[in-house]
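According to TrEMBL:
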{"type": "BINDING", "residues": "Asn67, Leu69, Gly94, Glu115, Asp140, Asn173", "note": "S-adenosyl-L-methionine binding site"}
{"type": "DOMAIN", "residues": "74-258", "note": "domain 'Ribosomal RNA adenine methylase transferase N-terminal'"}
Amino acid sequence: MHSKVSYGIKSDRDVYDVDCEYIDLLSGLPDPSFPCNMPTAPRQTRTHLMALFKKHGTHPRSELGQNFLIDLNIIEFVVSEAKLGPNDVVLEVGAGTGGMTAFLAEQAGAVVSVEVDRTMHAIASEVTAPFPNVTLLRTDALKNKNRIAPEVIETVQQKLGEIERGQVKLIANLPYSIATPIMSNLLLSGLPWERMVTTIQLELAQRMCALPSKGHYSSLSVWMQSQCYVSLLKKLGPQVFWPRPQVHSAVVKVIPAPNRFGEVADRLFFQDFLRRLFHHRRKMMRGVLRGMYRKDIGKEAVDQLLEEMGFAESTRAEELEPGVLVELCNRLFALASK
């Protein structure tokens with residue numbers, strides 16, 4: 001007999017149970033190694049959070065992007081899209097009050113949750129105390145805008161070492177201010193990540209999914225789409241958060257596809273190439289590239305390459321598909337490496 005775990009919330013007062021049974025994807029049989037006797041996660045409604053903040057004598061800090069998900073259906077949607085199981089190490093950035101963390105802990109093998117705010121870390125520690133598979137770090141998740149903090153990477157790697165066939169999933173209600181560097185830098189982290197399912201600002205989601213020649217198309221669009229499949233799963237209004245943000249949000253799913261348009265020869269070079277090129281995305285690309293690589297490659301070599309690839313004088317970066325930019329960057333890298 002399998003133990004029960006609370007799931008499937010229909011309202012604040014209407015909770016029903018389902019069998020807690022994890023299926024091994026290879027054998028098709030229940031996985032007996034996963035503990036199904038996890039405690040039930042607290043359901044953090046607006047009323048619950050207001051009482052929690054009053055108890056601790058504090059309030060949400062807008063400068064840290066502290067907008068908490070209070071719609072339980074959205075939380076369950078995010079968790080369901082995460083497809084969690086006992087082999088998963090979840091990285092959550094922005095633990096907040098631990099509401100999402102506890103949901104994740106019910107299903108994942110391990111959860112590494114990061115929170116920079118001292119008070120939020122203390123609250124999340126209380127909420128997740130019943131869950132032995134949760135590790136809470138009080139630190140900044142980023143070393144800088146180009147790198148996830150080493151402490152975070154090392155802790156996730158440690159948890160991976162404790163789990164057979166472990167894989168990483170970034171599942172989080174990401175603070176708006178760090179969503180871009182967290183998601184983009186995970187691609188450079190070296191971690192064996194299997195997916196990201198996150199709530200982020202709608203405008204950022206649109207940038208990640210944008211097509212060439214569209215208003216939101218940017219270096220981030222190309223960076224993500226050249227190495228991943230990005231899906232905008234659901235748009236969210238401000239009312240599903242407390243306090244309500246001034247912008248709309250979205251749930252996005254990102255699945256790795258490192259060779260989607262061919263292998264990127266050097267990802268750091270590619271990242272720098274995209275940032276510099278799209279800084280002038282509406283200018284004619286030939287002149288921009290001449291300026292970027294006048295020392296490392298030279299004007300004549302840049303012109304010859306663009307002619308070989310069939311680019312017109314008027315071609316702009318914002319018009320080019322990710323696969324074309326991957327090929328262009330790889331050929332520039334080869335020239336720069338001579």
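Quick reminder: no glycine exception, Cβ is built from N, Cα and C everywhere.
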Next item on the list: Please give the greatest C-alpha separation between any two of the S-adenosyl-L-methionine-binding residues Asn67, Leu69, Gly94, Glu115, Asp140, Asn173, in angstrom, as a whole number.
Entry: 21
Check: So what's the average pLDDT for the domain 'Ribosomal RNA adenine methylase transferase N-terminal' (74-258)?
Finding: 97
Margin query: Can you give me the same-chain residues 6 or more apart in sequence from Asn173 (S-adenosyl-L-methionine binding site) with a CB-CB distance under 8 Å?
Written below: Asn67, Phe68, Leu69, Val78, Gly94, Gly96, Met100, Thr198, Thr199
Check: CB neighbours of Gly94 (S-adenosyl-L-methionine binding site) within 10 A?
Finding: 29
Item checked: binding-site residues compared (Glu115, Asp140) - the one with the fewest other Cβ atoms within 10 Å -> Asp140
Next item on the list: Indicate whether Leu69 (S-adenosyl-L-methionine binding site) is helix, strand or coil by DSSP.
Entry: strand
Next item on the list: For Asn67 (S-adenosyl-L-methionine binding site), list the number of other Cβ atoms lying within 10 Å of its Cβ atom.
Entry: 24
Margin query: According to DSSP, does Asp140 (S-adenosyl-L-methionine binding site) sit in a helix, a strand, or coil?
Written below: coil
